[in-house]
Amino acid sequence: MLLLVCLFALLFSSSSHAADFCVAKLKGAGNPAGYACRMPSKVTVDDFVFTGLGVAGNTTNIISAAVTPAFVQQFPGVNGLGLSIARLDLAPAGVIPMHTHPGASEVLFVVQGKITAGFISSLANTVYVKTLKKGDVMVFPRGLLHFQLNDGEINAVAVVSFSDPDPGLQITDFAFFANNLSSELLEKSTFLDDAQVKKLKKVLGGTG
């Protein structure tokens, strides 16, 4: 009898809280657990489709590169599913500067061109770098500093996937030099001289 009660409880609990999906209700604030779910009656097939990755991003900028994200903010259907995707476009010599994704690991698939990519371990600062060609795949562990650089003579294109709907992003150069942290403190903490710090602040929009 006890076994039957336990089986009934298990079946009931599994069916009562199971949900097929949780399309993001983007009008509310997100949090580490994700966005609130939209009512199923308000969900359409378009919430599960993203059409922006077929268009090249604009690479006429300081890094000669562009990222077209399909994260939860652009693609509400991935909310709660533990994944997202993006497109990278890099003009010749274009670079996605050293950065981290605090919330996700990343997989990069080269669609066109050559991309030199790498990451740095946190344990011993070991560098792992490889020049990738069309069809190659590389993985970047969660939270580690990494970069991508177009190492060829034609535009490079890659598709990247993440293990979280909202992987987060912190670009190291912008974190250091695109804020109002004083030049004096930056010089002491980075061992760069005053002229170099002020040059980088000017280029990247920082003050102080």
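Along the chain as shown, residues are numbered 1 onward.
Using N, Cα and C of the backbone, Cβ positions are placed for all residues, glycine too.
Here TrEMBL flags 1-18 as signal peptide.
According to TrEMBL, the feature disulfide bond maps to C22-C37. Within the same chain, the residues at least 6 positions away from C37 (disulfide bond) whose Cβ sits under 8 Å from its Cβ are A19, C22, V23, A24, K25, N79, G80, listed in sequence order.
Mapped onto DSSP classes, the domain 'Cupin type-1' (51-198) shows 25 helix, 56 strand, 67 coil. Per TrEMBL, the feature domain 'Cupin type-1' maps to 51-198.
The Cβ neighbour count for E106 (Mn(2+) binding site), using a 10 Å radius over every protein chain in view, is 24. Under the heading Mn(2+) binding site, TrEMBL lists H99, H101, E106, H146.
The oxalate binding site annotation in TrEMBL covers H101, E106.
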Around the Cβ of H146 (Mn(2+) binding site), the count of other Cβ atoms that are within 10 Å: 22
Mean of pLDDT values spanning the domain 'Cupin type-1' (51-198): 96
Listed in sequence order, residues not in H99, H101, E106, H146 with Cβ within 8 Å of the centre of the Mn(2+) site Cβ atoms: T100, F119, F140, L144, L145, P167, L169
Count of other CB atoms lying within 10 Å of the CB belonging to C22 (disulfide bond): 20
